[in-house]
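In TrEMBL this protein carries:
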type    : residues                                                                                       : note
BINDING : ARG101, GLU218, PHE265, GLU266, GLN267, MET268, GLU269, GLU372, THR373, SER374, VAL375, GLY376 : substrate binding site
DOMAIN  : 177-411                                                                                        : domain 'Aminoacyl-transfer RNA synthetases class-II family profile'
BINDING : 250-252, 260-265, 332-333, 376-379                                                             : ATP binding site
Amino acid sequence: MAKQEDVFKKLISHAKEYGFIFPSSEIYDGLSAIYDYGQNGAELKSNIKQYWWKAMVQMNENIVGIDSAIFMHPTIWKASGHVDAFNDPLIDNKDSKKRFRADVLLEDYCAKLEEKAQKEIEKAAKRFGDAFDKNEFETTNGRVIEYREKQKTILSRMAKSLENEDLADVKALIEELEIADPDTGSKNWTDVRQFNLMFGTKLGASADSATDLYLRPETAQGIFVNFLNVQKTSRHKLPFGIAQIGKAFRNEIVARQFIFRMREFEQMEMQFFVPPGTELSFYEEWKQKRLNWHLALGLGADNYKFHDHEKLAHYANAAADIEFKFPFGFKELEGIHSRTDFDLKAHEKFSGRKLQYFDSERNENYIPYVVETSVGLDRLFLAIFSNSLKEEVLDDGSERTVLSLPPALAPVKAAILPLMKKDGLAEYGEKIFNDLKFDFNMIYEDKDSIGKRYRRQDAIGTPFCITIDHDTLTDHTVTLRDRDTMQQERVPVADLRRIIDEKTNFRNLLSKI
Ligand code: GAP
């Protein structure tokens, strides 16, 4: 088995073993691509949400947050284009009976070409050592150029065929490249068909009078349809933004890679409403701001890159993804889109209500343009979790698993660990717990050896362990162990609040943005 697969398997089992993520409905054999967050996962997720909400709403005077309903009027999805165009091209393998996304088969083929190009580059880097000029090699090496040209040709032909609804050509491309079912090697494919990703449901008691509804496939439309409500009640002038965190649902054809692509997931979206003509400069500004927000987490600048879209959706005049280096390669983490006035205009047309803004400086009414930032909460969880999970070999040759989460995001900020239960150590520990619980999420544990307890806290990413021993009873100091350095120092109990706060406060992240 490939090393990368091993790492990913380990990550999934760590997430389960330590109460981060469980397969949903597990005792009934689970439900594909649906997951439950356990006690530590729920805390980590809630902290990620707080980081986003604070950075968007609290730190920006001109951004407010809402919480709109999941059920929305069905015409909204007609207006937004989701009923007609929120499709994925699917293809079945006639032998294995497995279903695939035709575009993903082609993209995976291109990713393999890119892997080959990277291997050539790595080989050359080794050969030339310090004298290696990566840029020169990439632009002159015949093989690298050939791999990259081929990718470009495939992707642009696919994009053109999908745009023209020429699904026969998408199939022809798969056949020409001799792409096989990755599991069975069979090349016996059906035609390519379009498949709408929205989940349908019904509102109402009786079958004949019930209204057909959809579970929202994005949170953004809840913001668009409330644009005027928020603008009028908040009295914000343009430019201003509306942020929202909430569930979205997509009937993904191929849902794999754990929580990377789920059927029920959460989005954190912000729509920034701006005067027409100014959208592209705000788009550039938000691209940079969002990248800075990610970088402040400290997961490593090399793990992020922009992917500017060449082919734009019909409603956008600029779009880019922030990609992150997941264990299975660089993939989309967040989208930043300049959505023009497409959505508000469509809702004006379909609802018959005016969705215009009066600009007192320009002395005119208009439909605002929109710059959107949209990040998947679960995908961000996976990015942070996968980057933080480390196996370390210690000086004495022993190993430890540590989840070096950014301290502000750690599910538990400190563990209170009396060396033993007796002699009043447990009571002292409980006293510290009861004092600090107003400020921090903590754990109290008095079972097992102290070494075992440290390891358990390392595995869930707890920044501090506080050990209470007999000296504590007289000198009111404790041993404070740092998760990352494993160094231990003696500190007064009275200083604990300050020390924990200094390390775990959201200010540490927010001030870096
Ligand atoms: N309102 C714009 C929008 O929804 P999108 O690119 O379809 O754009 C935005 O989705 C983000 O939502 C993605 O960058 C990704 O992080 C997340 N996302 C999309 N589909 C997902 C899925 N099936 N599972 C988990 N996250 C998903």
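For all residues, glycine too, the Cβ spot is worked out from N, Cα and C.
Here is what falls inside 10 Å of the CA of ARG379 (ATP binding site) among the binding-site residues PHE265, GLN267, GLU269, THR373: PHE265, GLN267.
The 10 Å shell around the Cβ of THR373 (substrate binding site) contains 24 further Cβ atoms across the protein chains shown. Note: the Cα of ARG250 (ATP binding site) and the Cα of VAL375 (substrate binding site) are spaced 15 Å from each other. Distance from the CA of LEU377 (ATP binding site) to the CA of PHE265 (substrate binding site) is 8 Å.
Taking Cα separation as the measure, GLU252 (ATP binding site) is nearest to ARG101 of the binding-site residues ARG101, GLN267, GLU269.
Among the binding-site residues ARG261, GLN267, LEU377, residues whose Cβ is positioned under 6 Å from ligand 1 are identified as ARG261, GLN267.
Proximity of GLU269 (substrate binding site) to non-local residues of its own chain (separation of 6 or more, Cβ distance below 8 Å) is seen for GLU218, THR219, ALA220, ILE223, ALA243, GLN244, ILE245, GLU372, THR373, SER374, VAL375, given in sequence order. Separation of the C-alpha atoms of ARG263 (ATP binding site) and ARG101 (substrate binding site): 15 Å, rounded to the nearest whole number.
Across the fold, the C-alpha of ARG101 (substrate binding site) and the C-alpha of LEU377 (ATP binding site) stand 23 Å from each other. Averaged across the domain 'Aminoacyl-transfer RNA synthetases class-II family profile' (177-411), the predicted model reaches a pLDDT of 95. Between the farthest pair of Cα atoms in the substrate binding residues (ARG101, GLU218, PHE265, GLU266, GLN267, MET268, GLU269, GLU372, THR373, SER374, VAL375, GLY376), the distance is 26 Å. Around the Cβ of VAL375 (substrate binding site), a 10 Å sphere holds 24 further Cβ atoms from the protein chains shown.
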